[in-house]
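Trainee: Dropping the structure in here first, questions after.
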Amino acid sequence: MSETIRQTLARASAALAEVSDSARLDAELLLCQTLNCTRSRLFSHADDTLNAAQATQFEALLARRKHGEPVAYLLGHQEFWSLRLAVSDACLVPRADTECLVDWALSLPGDALQVLDLGTGSGAIAIALASERPGWRVSASDASAAALHIAQRNAQTHKVAVNFAHGSWFEPLAGQRFDLIVSNPPYIAEGDAHLADLHHEPQSALTSGADGLDAVRHIASHAPAHLHAGAHMALEHGYDQAQRVREILSAQGFQTITTAQDLAGRDRYTHAQWKGA
Ligand code: GLN
């Protein structure tokens, strides 16, 4: 027998409870995707029944979500900084925590800063900054051509100009210097238990060596050659890595090193200034 919207949502949210902290919302978003409608329409039409094609399509999405695939991949988009960004499994799903880093970057004075986002993924940080500061010249690199393709599409959608460069970290940016470098690099230690929940996302965007800090060390050691005197850098990191990140930055000669917190109050990113060699 065909189910109503109400019945489908009840069954799907029960089925998702063990894999998701937001089972009901996930079920609603997947059903909106199937029916091509808004969430409010699900409630105003709760007694409508799904036809066979809709039921089949919804079950396929539900099965993928039950298997741990992020809702953002199933919908093909994610909200970040009030921008709807296209995402695929070639890039990390942008996290709300990373908006704190964007917020900090926007507090910097200057109408014409040259900015670099390393490992841009979906382009989230670069595009948020470019959309808020049309005068800034924003560049962004990524080692993944597939991720850059998504980022380029997002920049076009939001009508911002970002100079995308294909290559690992600073590799495609030889000779270029910036006023601000930002990055949400991979920072999870290889073998970390948390990775089991993230197995649909690209491992290259998540893990970085035995302690998770290989990318941070690489960026910190190469950044001075790409920063003007007085320039700033901000790197996202794990909640328990702040002390080690500060030590890495300090050892490279960065100054005024400060850690700031995410929405949950956990240490989430550290910024520092490069006063010059
Ligand atoms: N914050 C992400 C998570 O723990 C990890 C992001 C990253 O490694 N850059 O789910």
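Any Cβ shown, glycine's included, is placed from N, Cα and C.
Any TrEMBL annotation is an automated prediction that lacks curation.
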Trainee: According to TrEMBL, G119, T120, G121, S122, G123, W169, N184 bind S-adenosyl-L-methionine; so which of D103, D142, D197 is the extra one listed there?
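Mentor: According to TrEMBL, the candidate sharing the S-adenosyl-L-methionine site with G119, T120, G121, S122, G123, W169, N184 is D142.
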Trainee: Which of the binding-site residues P185, P186, Y187 has its Cα closest in space to the Cα of G123 (S-adenosyl-L-methionine binding site)?
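Mentor: It is P185, whose Cα lies nearest.
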Trainee: Among G121, N184, P186, the binding-site residues in the record, which have a C-beta under 6 A from ligand 1?
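Mentor: Among the binding-site residues listed, those whose Cβ sits under 6 Å from ligand 1 are N184, P186.
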Trainee: Can you tell me how far the Cα of G121 (S-adenosyl-L-methionine binding site) sits from the Cα of P186 (substrate binding site), in Å?
Mentor: 11
Trainee: Counting only residues 6+ away in sequence within the same chain, which have a CB under 8 Å from the CB of W169 (S-adenosyl-L-methionine binding site)?
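Mentor: Sequence-distant Cβ neighbours: L118, G119, S141, A143, A215, H218, I219, H222.
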